[in-house]
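Trainee: Pulled the feature table from TrEMBL, pasting it below:
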type: ACT_SITE; residues: Cys2; note: active site, nucleophile
type: ACT_SITE; residues: Lys601; note: active site, for Fru-6P isomerization activity
type: DOMAIN; residues: 2-217; note: domain 'Glutamine amidotransferase type-2'
type: DOMAIN; residues: 285-425; note: domain 'SIS'
type: DOMAIN; residues: 457-596; note: domain 'SIS'
Amino acid sequence: MCGIVAYVGPKDAAPILLEGLQRLEYRGYDSAGVVVSNRGLKLRKVKGRVADLAKVVPVRFKGNLGIGHTRWATHGVPSDENAHPHLSADQRIAVVHNGIIENAGELRAKLVADGVAFASETDTEVLAHLIARAADENDTLEEAVRKTLKLVVGTYGIAVIDAERPGEVVVARNGSPIVLGIGEKEMFAASDVAALVRYTRQVVHLEDGELAVLKADGFHTFASDARETAKEPLTVDWDAGHYDTGGYEHYLLKEISEQPETITRTMSGRLDERFHVAHLGGLNMDARETRSFRRVKIIGCGSAYYSGQIGAQLIEELARIPADAEPASEFRYRNPVVDPNTLYVAISQSGETYDTLAAVQELKRKGGRVIGIVNAVGSAIAREVDGGIYLHAGPEVSVASTKAFTSTSLAFALLALHLGRVRDLSPADGRRVVDGLRRLPGQIEEILAQGDKIAELAQKYAKHPGMMFVGRVRGYPVAREGAQKLKEISYVHAEAYPASELKHGPLALIGPDMPTVAIVPDDELLDKNLTTLGEIRARGGQVLMVGHREPAAKLADDVIVIPKNEIELDPILLTIPLQLLAYHAAVALGRDVDKPRNLAKSVTVE
Ligand code: G6P
């Protein structure tokens with residue numbers, strides 16, 4: 001959450017910082033700021049977007065060293081004052097920070113008692129004042145930062161500059177990511193490679209507790225005890241093109257449209273036609289161990305959790321192992337029983353979500369076996385787990401998750417096939433699933449081709465103040481994700497319910513103002529679902545059905561018919577029209593599709 005960029009080198013820092021911040025805006029976008037060093041610190045910060053910041057940064061804003069920030073408020077409302085960077089009272093030190101300083105109140109009270117005047121309500125500002133004090137007493141900025149961080153309880157990714165040491169940036173990480181970018185006689189740092197790929201693809205990820213000193217000619221990294229650490233740079237696969245809208249009006253539409261390719265990448269090299277199994281080498285598990293699990297427990301947040309529900313269903317059906325999904329944010333706080341015969345699966349697109357990371361750490365502390373299903377290579381969760389499946393879906397920029405959701409669901413199909421084929425899933429059923437997986441990309445193309453029709457339906461339905469989403473068993477997580485997409489990007493109230501539960505309460509809401517989106521696949525529950533549609537229409541509710549054929553009787557006002565796959569894999573396809581529905585509803589209502597209000601893509605706070 002929040003984006004950090006830092007630069008030191010021969011060029012002007014400001015344009016590089018602004019460009020980098022733009023790339024990180026998905027992490028938070030309520031205020032933004034930059035500071036450069038050039039015979040003193042020059043600061044500009046505003047409430048608003050990076051584009052608003054760019055307007056107030058003068059053309060002549062010279063300085064070869066600087067740091068920038070885009071914020072998602074935790075301490076203090078979004079305002080010019082609370083925007084980062086924060087300066088020390090003597091204007092010597094500037095700090096940008098992601099994360100939360102838990103003992104900020106206490107540190108602040110001590111500083112105030114000593115006569116320090118605060119300019120903001122943020123927890124970050126205490127760091128600026130403390131580092132300035134330490135800088136007076138220590139020889140290096142590195143020492144001053146290290147000394148300050150010893151006083152701090154909480155999470156942080158920080159970047160610090162000192163007006164009196166104009167050739168260096170100090171960065172440090174504890175719980176919030178910091179990546180160094182290595183250029184030609186220039187160095188960068190950021191909270192995500194997205195801000196770096198335009199300038200370099202050579203990166204170094206800092207570990208928790210590490211601190212780094214960056215100068216134009218290179219960098220040094222140190223562990224928390226000040227010992228120097230040796231880090232090998234990695235080359236990132238993604239280049240700047242992966243972060244462009246590629247001619248689409250929004251990242252969201254681009255990411256929805258990419259799904260035939262992204263799910264192809266997720267399964268690429270992992271399907272075996274001879275034994276009808278999935279090869280998942282990253283799990284680091286032999287067949288004996290793979291057979292030994294008695295349960296599967298899946299954790300994740302937001303859309304990741306809903307894809308986990310699809311995953312649990314797939315594992316129960318194909319591998320016949322009891323499986324369930326739970327929000328990681330709940331799991332970690334309820335002192336879960338950690339069982340040695342359970343396989344724990346943590347899902348995260350970003351690999352950074354703090355609640356999911358903390359749940360993984362709790363599981364590992366208690367001796368649980370945890371694997372990850374993660375998109376961002378080398379991310380915190382990817383490094384914490386015992387093994388896992390990378391999605392290879394490419395960067396997902398829009399705040400609402402789409403391609404990562406389908407790739408995660410697909411990764412679960414691979415995992416279920418893998419677990420099933422070392423147990424009782426027959427070769428014939430294995431083949432059926434493998435063949436079904438291969439058909440998915442083409443079928444997604446067919447659904448995408450219905451974009452115009454879905455856009456028309458979205459216009460019709462988005463006029464209502466709220467919508468109900470229903471589905472049974474395999475269809476229920478699809479309904480939940482459909483409702484989530486609609487509410488997060490269009491702000492239309494959307495509620496998801498198991499279709500079977502409708503009559504136990506929410507049917508009272510049904511009427512002309514509350515249309516229902518019903519997930520009605522051609523499976524063994526078809527008749528039950530059609531009965532539910534009848535019940536809704538009998539109460540004057542409109543129905544938009546998503547399924548595999550028009551119902552014989554007039555049970556729906558509108559129908560989106562999609563191609564049929566194997567029943568276990570249908571949920572992946574049923575999700576796609578709902579993504580398009582939410583997208584077009586948000587466009588029709590004039591919403592900020594890629595950056596919905598109040599949200600951020602990577603939630604790296606509790
Ligand atoms: C945030 C985003 C959601 C996302 C969730 C989990 O809440 O707004 O779209 O599903 O985080 O993110 P992750 O990166 O862990 O999958």
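Backbone N, Cα and C atoms are what each Cβ position is placed from, and that goes for glycine too.
On this model, are these features tucked inside or out on the surface, and what's nearby?
Mentor: Long-range Cβ proximity for Cys2 (active site, nucleophile), meaning a same-chain Cβ under 8 A and a gap of 6 or more residues, is found for Arg27, Gly28, His69, Thr70, Arg71, Trp72, His84, His97, Asn98, Ser176, Ser191, Ala600, Thr604.
In the three-state DSSP scheme, Lys601 (active site, for Fru-6P isomerization activity) is classed as coil. Cβ environment of Lys601 (active site, for Fru-6P isomerization activity): Tyr26, Arg27, Ser350, Glu396, Val397, Ser398, Val399 lie under 8 Å away, each six or more residues apart in the same chain.
Per-residue confidence over the domain 'SIS' (285-425) averages out at a pLDDT of 95.
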